[in-house]
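According to TrEMBL, the transmembrane segment annotation covers 67-89, 101-121, 141-163, 284-301, 338-361. The annotation domain 'HAMP' is assigned in TrEMBL to 363-416. Sequence annotations record features per position, and here TrEMBL assigns domain 'Histidine kinase' to 553-776.
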Amino acid sequence: MRDCVSGIKAQSTLDTQIAGRLASGEMAIDDTALLASEIPSTGLSTVGITPNTEPFIKRAPRIARSALFGVAFVSAMFVTALGAILSFSDVEPQIDQSYELLRANLVLILLLAIYLGYRVWGTLFAAERRRTAPLLHRRFVFIFSLAALLPAIIVGSFSFSFISQNLNDIFGNDVRDNMSQASAILEDYVDQELSDLGEDISDLSSALNAQPRDILNRISLTAELQIQARVRDLDSVYILSDQGDVLARVESPYAPAFRVPTNGVLQSVVNGGVAYQKRDDLDYLIALTPLPGFANAYLYVGRGLRSESQVLSSISGIEAATLSLQNFNRKQSKMRTIFLLTLIETAFLIVMASIWLGLLLGNRIIEPLGRLITAAERVRAGDMSVRVDVGGDWGEISDLGGAFNRMTQQLDFQRHALVKEHDISEQRRQFSEAVLSGVRAGVIGLAQTGRITLVNNSAEQLLGVDGSALLDAPIDEVLSPFAAAFKKGRESILATAEDQVSFEIDGQIRNFDLRVSAYQGPREDTGWVLTFDDMTRLVAAQRHSAWREVARRIAHEIKNPLTPIQLSAERLQRKYSKEIKSDPQTFENCTQTIIRQVGSLEQMVNEFSAFARMPAPEMDNVNIQMLLEAVLFEQGVAFPQIKIYQKDKPKTELTVWADERLITQALTNVFKNAGEAVSRIAEASGDENFQGVIRAEIQEDDGQILIRIRDNGPGWPVTDRSRLLEPYVTTRESGTGLGLAIVKRIAEDHGGTLSLTDPSAGEKGACVELRLPKRSKDLPLEHAR
């Protein structure tokens, strides 16, 4: 008990140290597991803050982890702000950088959230049994987290929805449709200009092909090209070879730098036709066609869209607006993703900061409560000397600590008084239990209502029941034979009653002497004690003694006249049998009847005498197997029509400490009764094929020798079976009722038992079990007579 209390005190002191270190910030949140193995050397009488005396070398890894977490947290905040700033740039590479930066930062924030969740779990859940007020601490963290998370979710959701809706309104379907129509108009204008340019190049090609070849040289060709260029408003005219070399050229000041057509363009007009297009980098239209009149030559012309034209200004504006719209549509999805990432990361950072703040503030608030809880736990464990030291000005909590200290002081005084009274009561209880367990009589405690409250060991053994099954049960339901005596006691003025009852237990009739009395208490709540003794052996001994005296007197009174009666009948038979002439046969029958009945009476008298003068056993080591085999042989000769045998002979020698003559007599009586019972049923059935069987078994069972004899006779009666073991009780008309009584007497004189049982299921007949203790000559039978 002292070791148990010491263990509880050590655990309570450990709880105090953990609470103090967490509250004071001297210990990290997940350090409670490290203190589980700390065992204080002495008990504390005052609960307060325990200083952290742990070496710095052991605390360094935890300090480093906390510092690393703080640096990573600040870095995540900075990266989130930087990503949000870069996302507002018009430069697309910066937007892409912002997107990738925020994605990488989200991974960092998730790692920080996992680490913080692990530490919170270790603080509030995994180490719950070693912390004080874990539920309150949990609620602090939950409230702070909820207070930060709900506004972040609400504001973020509204902001994201608002921006998305405004973007859709500004650059909605109407704007896209208008821009599409403007682009279509622009394309139609450019197509028309290209068509005109195509007609001009075709006319120019026809004109050049119509000129005589012999008068055309480079100079005259150039001059012709200048005339045609002015007439047709062309900014540039070129004659190219199939290799792309310029054979002749005419360029106006507005013409851009010459650009050789690609091989694909040249090949597209080899077989005729016109190829024309608009240069993407300039507002300039070009066209290409072959010159059939010139060997492997092509006509290449260009015309610019005039800057003084109002259409050109509109075309430039439409192109710029279309390009801006396309760029925005391409960036819109990524901008939304960046904005969503920014909101999520900001919400995560705010929640993590709130959880961290909740832990720190929770420690500060729970510190005095933790001291009080730890002190209360120590009081619950039985340490009434504990006092709460609430340092600082905590207001009502300090008042609560003072009230707690006054309460524990008063409880300490009362506890000492109660312990003293308890010790006295415990001594009385132990004395009463020792008395109850030591007495041989059965004792049952009863409430006023008859409910059983106490059953001693002797009562369990005498009744053959489990005492726990009787507790709290009404006596009239579980021990109805005792209920009448209890009722008499309650109705008696003297509150006491005595009675004798008999009932069957384990197949045997048991006789009990009862006494019911009340013990001191109010009449309406009086307790009752029922004591009883097993008088079965005493009653049986008295009955046997009486029957032995009767048998002795009957044998004495009857045996004396039997001899002269028998002699007189024999003399009459010898002397007068020849002289009687009128009816000699009747005379012979009468004398024979007298002689036969006298013999039967003499045999009965001998049995009475044997029962009355049972000799004391002369003990010795007896081989019970050999003795059984001899009896089996004798009974086989006496009852040849019955199959008498032994089943499963033991492989080892079985020896008992017994009187060989008395054991032989007991076994002979059992086999004789079985043989006569089987013969009677064979005669009564009239079945010539009926085979009587008597089977014997012998084995060692729980330190005893068990001899079991079974037959297929009529069996035992269902009621009053145990009375067959009493003297002069028999079911046969001609029986004396002494056979089984003698066997029982012999078994009891050897410290054994005799039982009348039924055979196994499916078998008919009777079974007798004779148990003899297996003793050596070094352990003589205590009650052998």
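Cβ atoms are placed via backbone N, Cα and C, with glycine included.
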- prompt: So which residues does the transmembrane segment (101-121) touch in its own chain, when a touch means Cβ under 8 Å and the partner is 6 or more beyond its ends?
  reply: 28-30, 69, 72-73, 75-76, 79-80, 82-83, 86, 141, 338, 341-342, 344-345, 348-349, 352, 355-356, 359
Task: Sort out the residues at least 6 away from either end of the transmembrane segment (67-89), same chain, that have Cβ-Cβ distances under 8 Å to it, and list them.
output: 95, 97-99, 101-102, 104-105, 108-109, 111-112, 115-116, 335, 338-339, 341-342, 345-346, 349, 352-353
Task: On the DSSP side of things, how many residues of the domain 'HAMP' (363-416) fall into helix, strand and coil, could you say?
output: 39 helix, 2 strand, 13 coil
